[in-house]
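Under the heading transmembrane segment, TrEMBL lists A:12-37, A:115-137, A:162-188, A:208-230, A:237-256, A:305-323.
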Amino acid sequence: MIRLVKVELKRLYARRLTIIGIAGVVLITGLMLFATWRSARPLSESELQQAQTQFEQVHSEWVRSADEWKKQCERDYASAPDPKPSIAEYCSYPEPRLEDFGRPRFTFADTMPDLLYGASYLLAGAAFLIGASFVGAEYSSGSLGNWLTFEPRRLRVYGSKLLGALLGHVPVAVVTLALLIGGTALIVELVGNTSTTSGKVWGDLLAIAGRSVVLAAVVAALGSVFAMLLRHTAAAIGLLMGYLVLVEGVFGGFLIKAQPWLVRLNVDAWIKHGTTYWVDNCQTMPDGIYNCTSLEKTVSFGHSVWYLGIAAAVIVALGALVFSRRDLT
Amino acid sequence: MDDLAVSTRGLRKTYRTRRGKRVVAVRGLDLDVPAGGVHGFLGPNGSGKTTSIRMLLGLIRADAGTMTMFGRPVPERLPEVVSRVGAIVESPKFFPAFSGRKNLELLAEAIGAPRSRVGEVLAETSLGERGKDKYRAYSLGMKQRLAIAATLLKEPDLLIFDEPTNGLDPAGIREIRETMRSLGAQGRTVLVSSHILAEVEQVADTVSIIGHGRLLASGTVAEVIGGAGKGTVKVAIDNHEAAIPVLTEAGWTVRLDGGYLYVDGAAHPADVTRRLAERGMYVAELAPVRADLESVFLELTAGEGLGTDEIKPGPRGGDR
């Protein structure tokens, strides 16, 4: 089995699509770093001047009108629909600060998680494509049948292909994320603000990166299973896209109660260690007004772990069952 | 059973067409392939040759029947004998973007063959120089040679070639034929399926003829040929009208075809000349009619319809 996995890893890295996919991921990572550098660099003289002008305008307006705004707000508070925050919070008009104007300050601790979330989806997408084509190409070329004349134990063959796709994506994801984190840290160190980068921030970032690596590896294996089930790379990609657009996009938008069972939200919860979504709660008030309020709901990390784990296990088991019984013509 | 490389009993396979109709590709095939030498597996297109081979190799599942390879039941114990079996089913299929050498290296590593073996088999199949070229750039003949090279990685006792000369030019056909002959001469068993009789007749020691998924005849080439056209003598003589009653009186069957008399039933050609000479008639030409594999094949499959219509709608691929 180990020998077969080694062969599959060699085949994976020798494939042109794998090389192109990795090059694409590295290129996009480079673009993300470039965008980071542009955001992190200090404000120019003209930007500072512009921010100062805007601040002065807003501040003078605040000095003139803040008290009046507050009184008006307090008068209106009673008639505002429930639920509503406290009056102090509802009618708070804090003094404008210069640092709130112009391009936002770039801090490593605030920005890096978002970059990692984006990179996670990028890696998962590339992993699915590479994983699906890894097996789809074998069906298209007919080489899978030839392979089975050398190793007829189908579950071994199936397992080796999945493990090859899975393990093969670990170094790709690790290197990409290391490049992104290291590159961003370097950029921020040189031109940005690292004052809030504590040990806990690094710990959280590494945890996100670790979960992202696991996600990319598993998605690569699932891409292989999809291609195994459908016998074609394009069919596997088409099925995924169709599911995401129709089920997650269209039907998911209507079926609000199904939100915790959507793959995308659970993937979000996996990467971010829990996530939230909003549900509109609409009702007709006693005074006849139709009122909607948005409620924040949570999908926990634990929920995402068992949901995604069971889904992946079922798909892998289904692939094994089909492949072990399928006639290869 | 050790004297048999392959044996099947009651092998059966049905497919369901896209329209839901069930068609029988192999119906109770009993096949014995003796160990050593070249065995021709003959049948018209659609007679079930490739399906039978695929079942032997575990690529498709049989509905009923038993199969053994070197005495081991397959596909259950195929892993035990697969190292002794090399096979090319229909056209060679490799990763097109990899070189021939890379394809072989991956296969060699998968089966634990030494890397040096790749160079050896490339050289054996005259692909040494072209091994570094991408597989997709290979001609059909080179692809076929690479497939043979792949089977040789295992140094197998049984080689299964399914329609190995399909699409090859005459030089390629000759090359493959010589390869098969040479492998058979080395003591290996070569099972070659084909619908081209001439190529098999030249290399096969034994043959099995199937039609519509059933065995029609089996044995050495001489035995199978001997079963048809036995005792037929072709005679050229000036006076047909006078000769026919003479030969008929001797108890032989005579028919006139294309200016020749065809005499069936004579134990020996000399009996025919003697009989005619006794009546003062002398033959201008006399030859025993030797049946060839093609005529036997056509004779045996004549009642089978030869058609592939019943099984044509099966899964994709060539021969079923």
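Indices start at 1 and increase along the chain as displayed.
Here the Cβ of each residue, glycine as well, is placed from N, Cα and C on the backbone.
Only pairs six or more apart in sequence are counted, and the transmembrane segment (A:12-37) with the transmembrane segment (A:162-188) gives three or more Cβ pairs under 8 Å, enough to call it a contact. Sequence-distant residue pairs (6 or more apart) of the transmembrane segment (A:305-323) and the transmembrane segment (A:208-230) include at least 3 whose Cβ atoms are under 8 Å, placing the two stretches in contact.
Here the transmembrane segment (A:208-230) has long-range neighbours at 113, 116-117, 119-120, 123-124, 126-136, 139, 158, 161-163, 165-170, 172-174, 177, 181, 236, 239-240, 267, 270-273, 308, 312, 315-316, 318-319, 322-323, meaning same-chain residues at least 6 beyond its ends whose C-beta is under 8 angstroms from one of its own.
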